[in-house]
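Okay, so here's the structure we're looking at.
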């Protein structure tokens, strides 16, 4: 185990060290040494003496530090003397460097300081540049300077050279020595502070340090030329600063912070190996204190600590080489005069009592630690434990305990879908930083770090701004998810990231969802007033509404609603404010939510039994085989350039072959092979083909002389199995479900639940209560024809649409007569066919096949069928009406959004709905979906002051 030292200087300038291997304080052997400041790096330490000189201490090591001096002896041939050092005026120096520009005679080489000594005398290098030994006394020959030299002497060799070398060795390791003064330029004396860093910027062996200093006049200086073979460096260079600097701190990487005399902070940007002094300064506000500013700052690899004039300790959030300025200050418990960050970002501090303290619990995942503990160790050979009064700049130790205030970080690597041209996946680093403030409230920031054109950049998302986290299917990535915020919703550009594995994606989604819940105070199970929804790919989402969600004066915008994923997979979901939640899978299976279930980030246990069930669902995937008739070959897959693909989706725009078509997500698996669908609507021939005159004219099952194109549909089923808080309600497969909306304070013995079987039969569920949401049995309600859509509203109003698109109203439905008595036919809008409807308290809305939204006029208690249909809006896919007649819809596109950004499936809320304005005034647009959306389902749920949508669609 390698040893590391903690250096300390007491108020008298005496230097002490605490070793991790010896475990006791030891005073430096040089009793006359007095330092004012000390800074520790990797294998070396620097200090400022009371004599204003800069001192260096290099750790003892097994490998000595050697530096080889070299010079070249140059000669030219003349007919009289042969090769001689009498050169032409235009030639190089007789003794020079390799280029010949600088004169370097043997007597000009001096030891840079007393810390060096010569290791032998000058000698000739007997090995040429190619590595071969030279048998001619080390001479190399050439036609002229600076031609290529070789060891062979030729008839035209007019010049020669040989290299002289001499080694010097550093002898002062393990002791403090003065670094030499700059000649002829004087150093920036006196210095008031020094800090070394930068050794982690290079991954090459033999890393070197950057040394920064601050003079008493407030100037910033940089020590250049520090190399493994030249540990003392060469000279000081001034770095211009906008104002006078009081203190400076450099991290092991490319972070450099400075404190100004007025308490403000400076950050140096652009530091790299090619530009170690950086490019510019950025002013950063000091922590928010009533009086004064910052008096001390300490920098680590990716952390920044500060101490203000009231001795409060602060931690800087979001600091990274991509974001050296960070994003905000967090107050940390304890009062210190100064702090310092050592190796591995471990933190040490000097308290007001001038005692030495260590920050416990500092880890890569919790860089702020969890509390301060005093540092006590043996004094020399004494067994007494002491704590020196000291000033500290130190190295590393590790500890893991607990505290109240902390910053927690989770880092990883992902790919990010760059949302500007050219669109492509970019490798990025991600970090989730969660902090706890003085009041115990937690918040978090999600960072994305990337490099563009060799420039380090970053993006950040405040977790409190996140509105939804949802998996997506993206090109060349099966483990992608989208992060929506209110701003990205308005711009229709979510943040899309892809993890390396499905487990990594699930871990990050769970972690981010947990932070979102903590930021909003969401804990435990979904409330009875929660809004439920399903995505186009079957994910179940929940929104916890605020009390004023539908209050006219405090309407929550749609783009600010936070949706959280709940385990499960459904095609549609329906709920009310008594906690009754029903859903239907893609295979028609009915499911009821186990009220004591859990959010994805918060498992809930009931005794020793977890309220979970095995949920399965099946989906059918379709692709189409397309052909065109050719007079020579008959029907063939050789289509016209303007035709659709030979294998495509329904509309023909996307190519879909058997080999390239996959299940909706990696959680799904195929359960059947591809087969021709002979039950295709419209009829088929014996081989499954449908015929038409051209694409995309209506297809039919019988071929005629005018049919020049044909298609057939191939079908394959896939299945998903997961563990979720959903209980199966056998045995009848359903196609639609509706739950009686009611207010949270309502009291009723049974909750009316109506449904449609997959064959179109109308069913009424009996025995449904908040305690038994699954109910007991189904009651068949007679009809003359199969139905496809049904909805129950306030006052037990039941409306339905038959498969022939006729509209019906069920009369005499009540709590005592849950099935009602008879159906009343309602005329459809002129020349329109309705496909879905929703019933509120005193209103009925419907959507037709052309995506028009219709409002039913004239509904009264004495005439609940209404009088006529009125066109309200277009561009609507689904509609949902609450018990207070609030209207929510899914829109195909958002007006005013550019075509390249417009996406289908946006959630919209009707504003201005009231007794005097039953149809409302305008739309509030919310979260939309990606361009890969397949379909929507939009149902309803209610709250104590209204009824809300629960079929929000997100990207697939």
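Just so it is clear, glycine is given a Cβ too, placed from its N, Cα and C backbone atoms.
TrEMBL annotations: computationally assigned, not manually curated.
As given in TrEMBL:
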DOMAIN    64-125  domain 'Peroxin/Ferlin'
DOMAIN    138-171  domain 'Peroxin/Ferlin'
DOMAIN    408-519  domain 'PH'
DOMAIN    616-677  domain 'Peroxin/Ferlin'
DOMAIN    688-721  domain 'Peroxin/Ferlin'
Secondary structure content of the domain 'Peroxin/Ferlin' (616-677), with strand meaning DSSP E or B: 0 helix, 25 strand, 37 coil
Residues in the domain 'PH' (408-519) grouped by DSSP into helix, strand and remaining coil: 27 helix, 63 strand, 22 coil
Helix, strand and coil counts within the domain 'Peroxin/Ferlin' (138-171) (DSSP): 0 helix, 16 strand, 18 coil
Within the domain 'Peroxin/Ferlin' (688-721), residues counted as helix, strand or coil by DSSP: 0 helix, 18 strand, 16 coil
Tally of residues which DSSP labels helix, strand or coil - the domain 'Peroxin/Ferlin' (64-125): 3 helix, 24 strand, 35 coil
